[in-house]
Each structure stands twice: as structure tokens, then as C-alpha cells.
Amino acid sequence: MNTTIITDVECIITKPDRHNLITVIVHTNNGTVGYGCATFQQRPLAVKTMVDEYLKPLLIGKDANNIEDLWQMMMVNAYWRNGPVINNAVSGVDMALWDIKAKQAKMPLHQLFGGKSRDAIAVYTHATSDSMEGLYESIDNYLKQGYRHIRCQLGFYGGVPEALHTTQNPTVGSYYDQDQYVENTVTMFKLLREKYGNQFHILHDVHERLFPNQAVQFAKDVEKYKPYFIEDILPPNQTEWLDNIRSQTSVSLGLGELFNNPEEWKSLIINRRIDFIRCHVSQIGGITPALKLGHLCQTFGVRIAWHCPPDMTPIGAAVNTHLNVHLHNAAIQEHVEYKENTRKVFPGASEPKNGYLYASELSGIGVEIDTEVAADFPVTYRPHEWTQSRLPDGTIHTP
């Protein structure tokens, strides 16, 4: 095989709609260009600095064909490893290298992996409203579009606060009440099953908003409504409590969007404490570790439901689809409709058809970035209030 030398590495940050999006572009001596997602929307400048100041000089002159070696080198070169900044930066490069290899092979990415194990991947989307009437309207709309898996949320994460009993002059933050959230969410499940029966699979994201003992009770309360899975019922530092949940309920659990380090998921998979792995592909370092994780999960009967939120480039979402049509144990793909500006910046962004996503058949990933259009949407940053989630007494809680 002829060498393909890396000649330049770019990091483009843009905000076409609500979220800061980060793309890495790798250039080579034969003109083949690769694109990858490196989005860590809460810290975009940190990722750009990592790529521009540290990874770029490390990579220029290297052979782009040696993806495994380059991934290992990038991960250990700083000695400290497996954090969200370095992992996303490495991911952007890693995806771009796979994109280059697939383009040079003149095949879509999933064929480079070994081909398809399914025609398309089932999709779930988000129905969210502050009222049941609004939630019904959203669900009805998605059912008409062909969705048969819908994540249902009554209000933002933590629910709709009602008459919060806060302190005098409360600290700035996003307040919620755990007891109200649990009561309202269990009622939501009940009403949805009464209205729709089994017309669609219900998913729900707890988003770590409960204490572990509350999470155990919540899982027991919603079990009879047969959710497809409950997402992030516990934070990564409290996963030992999964044994308590497993021993008391059969509710399906999806976990992993905050994971960065293999030690966070290894024992959960081997001991079958979860049903679905929810890792965010760029947060774990890209395609190279995602393939390994997917195969590990298959060995232990754990299915794949990658985290695929709107704060991810359509490049990253397309990578998820390629992984999902290839990996035999892939179950479902999260999807939120792209807005017009995002589509302009990322030509080729895909949309579901009748509740399924189909992988691009173009060579490579199939989605790129228009850097000229991206420049029209500069990144803006302000401290996020929603990640300053607080209980009524002012205690900060995992967001």
C-alpha cells in the first residue's frame, strides 16, 4: 500500500444553530481529505487548542493509513489520557483518518468495517412538552412520520417545577424538585400507555437527576409500563447501585453518555448490569475504540444505542449510522431533526425515512463541512445555566 502522508490538520468550530460544533479536517499529500467530529460543545476552544497546538504538530508527516498506531500515539503522547478534551480531539482525527481510508478504498465506511448486518437502523426522537396535551401533539406528529420509538419527557430534565419551596435569595441555577419529577413522570408513563397502548416504544431520560435510592424506586415504579429503556438513571460515579436496581426490577437500562474511560464501562458490560451502552462516540475517542466497544458488548449480550444528540455534527451522526448498520448488536439510533443552517454547513446530513436511518452509500462517511458557510456562524460562549442544576435548598446536583 502506498503511503498517504498527513500534510495538514484543521479544527473548525461553528455555531449554525443552538450548539457549538467542532470538526477536524485532515489533509494528505495525494489530495484525499477526511472529516471527523470532535464536538465538546461546553468547551469548544479547549478542543480546538488541543488539535491546533498539540495534535497537528504530532501528526504532520505521519502515514494516515496507520490508524491504530496513530490513535494509540495520540492517546498516550500527553501521558495523561481519557478525558473529554483529549478524547474529542483524538476522535476528530480518528474519524477523519477512517474517512480517508474509505475514500481511498472507494467504499462507504460501513463496507470498510465489514459490510452491513441490517438494511437500516431504527430511530428514536425526542417528544418534550411542559404539558401532557403538548406531549400528545408531539407524539402524534412523530407517529405520522413513521417513528415507533419516542423518548418522552414532561418538561426539561428534572421535569416541570411546580411551586418550588426554595430558600430566600436562592443561588443562581436551574432548579427542580426530585419528588415532583418522580411523581409526574410515573403519571406520564401511565397516561401514555392508557392513550396509546403499545403503538410505540417509550424511552425516558432521567439524566442523573435522582439520588441512587430514588433511582431504585423510580425503576420499580415504571417497570409495569415496559419502557424500551430508561437512560442515565445513575451518574457514572454511582454505578454500583445498578446491582440494587437489577435485583429488584427487570426494567431495561441504558447508560454511558458521560463515559470517557474503558474502566467506566468494562465491568458494567462483563457483569451485564446494563442492557444498552449509550457512549458518545467522540467522547470515547472515535471510531477505533467504538468498534472495539461494540464487539465487547456483543460478547456479553449488551446492545448498542450510541448517544447522538443535537450537540454533535452531522458527520458524527453519520458515523453512528455506519457503525449501527454494521455492528450486529446495534439496537437503535437517537436522532433530532437538523435545522436549516446546520444543513447548509454540513451538506449530506441525513434524515430518517419512516422511522429508519440509512447509511450513506458514498465513499467515506458521506458528510462533509462547508468551511465558508461555517465561517458565517462563529462560536459564542456563555456559562451554561442548565448544567447548574440545583435542588430546592440550593444544593448543586449532577445535570
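Just so it is clear, glycine is given a Cβ too, placed from its N, Cα and C backbone atoms.
Values in this document were obtained by computation on a predicted structure and should not be read as measured data.
Residues or ranges marked as Mg(2+) binding site by Swiss-Prot: D205, E231, E257. Its Cβ placed at the centre, D205 (Mg(2+) binding site) has 21 other Cβ atoms within 10 Å. In the three-state DSSP scheme, D205 (Mg(2+) binding site) is classed as strand.
The D-arabinonate binding site annotation in Swiss-Prot covers H207, E257, R278, H307, E334. Taking Cβ-Cβ distances under 8 Å and a sequence separation of 6 or more, the neighbours of E257 (Mg(2+) binding site) in its chain are E231, D232, R278, C279, H280, Q283, H307. E257 (Mg(2+) binding site) carries neither a helix nor a strand DSSP state and counts as coil.
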Work out the three-state DSSP category of H307 (D-arabinonate binding site). coil
By a simple count of other Cβ atoms within 10 Å, which of H207, H307, the binding-site residues in the record, is least packed? H207
For a quick check of packing: other C-beta atoms within 10 Å of the C-beta of R278 (D-arabinonate binding site), how many? 23
Using Cα coordinates, what distance in whole Å links E334 (D-arabinonate binding site) and D205 (Mg(2+) binding site)? 12
Report the residues of the chain - excluding H207, E257, R278, H307, E334 - with C-beta within 8 Å of the mean position of the site's C-beta atoms, for the recorded D-arabinonate site, in sequence order. D205, E231, D232, G254, G256, H280, A305, C308, P309
Additional residues surrounding Mg(2+), by Cβ distance to the D205, E231, E257 centre under 8 Å: V206, H207, D232, G254, L255, R278, H307
